[in-house]
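Trainee: The annotation domain 'PH' is assigned in TrEMBL to 16-124. Here TrEMBL flags 134-169, 170-205 as domain 'EF-hand'. If you look up TrEMBL, you'll see S185 marked as O-linked glycosylation site. Annotation source TrEMBL lists active site at H305, H350. Here TrEMBL flags N306, E335, D337, E384 as Ca(2+) 3 binding site. Residues annotated as region 'Disordered' in TrEMBL: 443-475. The domain 'PI-PLC Y-box' annotation in TrEMBL covers 479-595. If you look up TrEMBL, you'll see 595-723 marked as domain 'C2'. Annotation comment: TrEMBL describes D692, Y693, D694 as Ca(2+) 5 binding site.
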Amino acid sequence: YMCEQYVCLQDDPHIAVMMAGSTLRKVKSRSWKKQRHFRLLEDGLTIWYKSRWAGRGHSTFSVTEVEAVREGHQSEVLLSIAEEFPASHCFTLVFHGRQGNLDLVADSPEEARAWVQGVRKLIHKAQTMDEKERLDQWVFDWFQKADKNKDGKMNFKEVKTLLKMMNVEMNEEHALHLFTMADKSESGSLEIEEFVLFYKMLTQRDEVWKVFQDYSGDGEKLMLEELESFLKIEQHEGEQSGRRAKELIGRYEPSETAIKQEAMSLDGFQMYLCSQEGSIFRPELLELQQDMSRPLSHYFISSSHNTYLLEDQLRGHSSVEAYIQALKRGCRCVELDCWDGHDGEPIVYHGHTLTTKILFKDIISTVKEYAFKASDFPVILSLENHCSVEQQTVMARYLRQILGDALLVCPLGGHDLQHLPPPQELKSKILLKAKKIGGLESCPDDTLTDEVSDDEELANGDADSPSTEDPPSKLSRELSDLVVYCKSVHFHGFDHARSHAKFYEMSSFSESKARRLAKEAGADFVQYNMRQLSRVYPGGLRTDSSNYNPQDMWNVGCQIVALNFQTAGLEMDLNDGLFRQNGGCGYVLKPDFMRDATSRFNPEKPEEHQGYKPLRLAVQVISGQQLPKVNQKEGSIVDPLVRVEVYGVPKDQAREETPHIQNNGFNPVWNKTLNFVIHTPELALVRFVVEDYDKASRNDFIGQFTLPFKCMQTGFRHIHLLSKDGTAIPPSSLFVNISISAYT
């Protein structure tokens, strides 16, 4: 059984080196370099390592947590010791989410190569496993963890420990009953195949079985037409239900016999419900499918604030890694806070604080390398310029030299000078947002004394920005000339913008100013954002890098709503949720009433706009599956509850929750329906949160998933939960039944 897919890998020379184990140097800084023994465990997925002298202590991580392997000196840490260790010995493991890199040095190029290639193969293998293999792997992992004496068998005592590890609270009698049924050989212990059977009985899902029974004539299988009527009635698949039923049997039915009869067994049915097609997110909307030929101002754009920080804004570590992480998450607008550095080299850091400093040129090289890995659509560099004219000129030269053709330096040919160009025509282009001397049409030479600092609000005396600025007063012509479609200007009110502003002029608003304008003049703000870009940034008092709720800004059509990507939590969940659609390309087309000049949409009064069609949303929260333990303490089991939160126009903000269930993270059943009315479905996001109930203190977070209301599939669906960092935590899920109807 040993997970068939790994048998072939055993013969691979690279994997063999990993399984035999290697002593590698783990490097954290120029002074911290320690030898650790690394090896790949028998499951072909877990990498185990320990220091040679530390008695029993060791660490492990799974290959599935690794996103990529970089060869050579490809991290700040390895670059800092480049003299000491040749590139051919060095490699970096990059993890998903916000977990730090692991920088390693091997004793020889051959050994480094074996680990680099080996880990890459294993990552590929893990990514291409299908649902069934993934489940088998998961079961196999548990078996390995619980088989304490490593004899390949599990006695009842080991099984009881395992149930605790798996978050299952079960009375001894029931557990023993299942154990005895699975122990076919009556040996008093389970071998791996018997354990698989035990696990199957344990995870038999009554609530799925009930749905299956409702449509199955003989209670054993769903014939083609039975599956078809399930798809039509429950999953609202309509006309295509017949074709879909055939496809699903072919795709998810494990039994050859059932396939021959054109039928689906309970196993196949459960596989389908747990798959991407059975998930709550409409699969076709995950693909790039929106019209990308509208002006830039017609899209929401995934945007990061203080991109250079990995932590807080007073003492935090600045790093090019932060740019890599943001760009790989599909972020399309990054920020650079530029100051004069030594030896005429401009630097980036959070001015007047103790955050570390990075060279401007290093960031530009990083942007060049990573800008278009997650998306082809344009990246905007938002410059906060505090530099002297001399160093601005140095910046301009670096931008031209390093970015080359990727940098947009003049308006697109054949494009009208009335509207911003579309993302489609700016593929693989990098745009600069900064102050500019004059406009696109003219290039006067005499106005060299334009104010330069870009924190717009300081000049307008905005209360939430402590005034630490000392804006340089001159602009470098060379830097100014690189600004094309994103010229930073002061905001002088909506009336002034209507009569005087150019389409390529854009302003920045602190969160409090944007919120005030949204409340006082929502419809004007929506109109303004049809033609011009606006950027919103967190208030100056958020020195802990906390975030504001981006929804209030999206409600009035602000495109560049900049968040601290380095800070996990609700606000980044909403950002990830909105930008998960459309291929994760970082651009999402705004609803049509935010692009049509005749519309007077105001988020404060959604019922007044012409296309007003409110909907009713009912979420039946049925059950949860294998929720992760929050508290690693021995014997602690979670008391889970589910909360459904709706974010949208002010009228749509709502939350409802289920009661909590005592001591069951393994298969809690709630069967509770939560009801909502959605006034502006096009702007709403729905967030599903699972928490561990605690009557004495704040509930602990277990997992969440957020998606646009318009991307939801109705019917019986699984929601695959994500960690606080936004990474997957399989096989944790919620099983729900979603219905949406007209609100009358």
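In case you wondered, yes, glycine gets a Cβ from its N, Cα and C as well.
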Trainee: How many neighbouring Cβ atoms, not counting its own, are there within 10 Å of the Cβ of S185 (O-linked glycosylation site)?
Mentor: 10
Trainee: I'd like to know which of the recorded positions E335, H350, E384, D692, Y693, D694 sit within 10 A of H305 (active site) at the Cα level.
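Mentor: If one measures from the Cα of H305 (active site), the recorded positions that come within 10 Å are E335.
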Trainee: Among the binding-site residues E335, D337, D692, D694, whose Cβ has the fewest other Cβ atoms within 10 Å?
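Mentor: Looking at the binding-site residues E335, D337, D692, D694, the Cβ with the fewest others within 10 Å is that of D694.
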Trainee: Can you list, in sequence order, the residues of the same chain other than D692, Y693, D694 whose CB lies within 8 Å of the CB centroid of the Ca(2+) 5 site?
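Mentor: For the Ca(2+) 5 site the neighbour list reads V638, D639, P640, L641, H660, E691, K695, N699, D700.
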Trainee: Among the active-site residues H305, H350, which residue has the fewest other Cβ atoms within 10 Å of its own Cβ?
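Mentor: Per-residue Cβ counts within 10 Å for the active-site residues H305, H350 bottom out at H350.
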Trainee: Please indicate, using numbers and ranges, the residues of the same chain that are 6 or more beyond the domain 'EF-hand' (134-169) and have a C-beta under 8 Å from a C-beta there.
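Mentor: Apart from its flanks, the domain 'EF-hand' (134-169) reaches 1-3, 41-43, 45-46, 175-176, 179, 187-192, 195-196, 198-199, 202, 626-629, 634-635, 637-638, 663-667, 730-731.
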Trainee: Rounded to an integer, what is the Cα-Cα distance in Å between N306 (Ca(2+) 3 binding site) and H350 (active site)?
Mentor: 8
Trainee: Nearest by CA distance to D694 (Ca(2+) 5 binding site): which of the binding-site residues is it, out of E335, D337, E384?
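Mentor: Going through E335, D337, E384 one by one, the Cα closest to that of D694 (Ca(2+) 5 binding site) is E335.
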Trainee: Same chain only, sequence gap of 6 or more: which residues have a CB within under 8 Å of the CB of Y693 (Ca(2+) 5 binding site)?
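Mentor: In sequence order, the residues whose Cβ lies under 8 Å from that of Y693 (Ca(2+) 5 binding site) (at least 6 apart) are D639, P640, L641, H660, N699.
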Trainee: Counting every protein chain present, what is the number of Cβ atoms, excluding its own, within 10 Å of the Cβ of N306 (Ca(2+) 3 binding site)?
Mentor: 28
Trainee: Taking only the Cα atoms, work out how far D692 (Ca(2+) 5 binding site) lies from S185 (O-linked glycosylation site), in Å, as a whole number.
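Mentor: Spelling it out, the Cα of D692 (Ca(2+) 5 binding site) and the Cα of S185 (O-linked glycosylation site) are 40 Å apart.
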Trainee: Would you kindly give the Cα-Cα distance separating H350 (active site) and D337 (Ca(2+) 3 binding site), rounded to the nearest Å?
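Mentor: If we compare the Cα positions of D337 (Ca(2+) 3 binding site) and H350 (active site), the gap is 6 Å.
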Trainee: How big is the Cα-to-Cα gap, in Å, between E384 (Ca(2+) 3 binding site) and the residue listed as 'O-linked glycosylation site'?
Mentor: 71
Trainee: For the Ca(2+) 3 site (N306, E335, D337, E384), what does the 8 A shell look like? I mean other same-chain residues with CB within 8 A of the CB centroid.
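Mentor: For the Ca(2+) 3 site the neighbour list reads H305, T307, Y308, L336, V348, H350, S382.
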Trainee: In the domain 'PH' (16-124), how many residues does DSSP call helix, how many strand, and how many coil?
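Mentor: DSSP classes over the domain 'PH' (16-124) add up to 32 helix, 40 strand, 37 coil.
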Trainee: If you draw a 10 Å sphere around the Cβ of E384 (Ca(2+) 3 binding site), how many other Cβ atoms fall inside it, taking every protein chain shown into account?
Mentor: 24
